[in-house]
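Colleague: To start, I am sharing the structure in question, which I have written as structure tokens.
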């Protein structure tokens, strides 16, 4: 009986021993999978502000949750082509921005760009807005004269830091910019002053003895004729002499008004087309009339004659005419290289700047066949001279409705050196372009204009009725405001 009871016990023990010796049959656990890669995220600001002429913008930064190395690039944006970035995130303008000539798509000095950061597998993007702010670039504008009655022009006094100020109603003043003191030198009489008429321009005779103080002026007579008059500023009681008289009876606008001595010693003067919408009598293309022309006069003893070399001096037109095809050459100046730069006021679509050398008599600037480069009336003949630059009518930053020709800057402000500065009476915009960019035979687009309104904001007063620019004998630039103020551009 005991024998039978032991058998189950022995069998169970044997089974247990067999199980404990079979460990090689247990499966090995699989290793845990690596954590999933996570995308980096930007930590740097999405906005930046940069002063013009500075290239550096910001250094982009980002965090990678997995500690992977990161690299940065430009992903897009409306202004992506204006920037460069290193793989380490240093974002720069390429080239440095110019507030006065915005390069962004909207032209408002607010640049849009999208950045990308990548860990080699995953990436993230960030939209960044960069605002460019103005730097005055060493420019200051000081109000140096007040209380004038409709001033229209500033002219240099040879050998002096003072200037002459011309008033529409006939007053000629001597202004000391250092003190603001002004002295009435002479009042020109026998004037018509309605509309655009009046005393319009002045040039001191560089060929006359300084003791005589002869000046030439453009004045409109009571019958509307545009007269070039010779008068003495040192002996104001002496009567004036009419040097040249151009009949202009029909309208009280488009008189021109500028005159000045060229590098050849001759006197140049701009005369308007006689007024009336669209030059209805086609005066500017009529070589027998002085309307719509640049005239050139030579001094001969104590009088003036048509300059030798004028295109019609031997016949075919008026001998006093030097260039034709202008609408209203109200303001002009001679550049340092001797070229005459003319601001010609347009009709309803374009304002233009024209250029001619003294050794190029007979150029035809196209009015009224063309207004700027745009067809206006009739079929334009071959051989017309296109404007050196033009801009359209409108209210935009590079638009206006009445050009005011200016000067190639030669004063002490380094950032303006070599720039042609001009503006618009209606829009109030003042621009500069590199003078070297005004090339004969081609027309510079207005998209190249640097808008200088903020750079030329004055320390007192407001430039809100731009009538003219002017210079003193040293090349300092003046700005004439029709409401009675005179401003001077200085280093600042």
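The backbone N, Cα and C atoms fix where each Cβ goes, and this holds for glycine too.
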Colleague: To which of the residue ranges 1-20, 21-40 does TrEMBL assign the term region 'Disordered'?
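Modeller: That would be 21-40, the stretch labelled region 'Disordered' in TrEMBL.
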Colleague: Examine the ranges 357-377, 378-398, 399-419 and name the one recorded by TrEMBL as region 'Disordered'.
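Modeller: When 357-377, 378-398, 399-419 are checked in TrEMBL, region 'Disordered' belongs to 378-398.
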Colleague: Calculate the per-residue pLDDT averaged over the domain 'Cadherin' (42-153) and state the result as an integer.
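Modeller: 99, rounded to a whole number.
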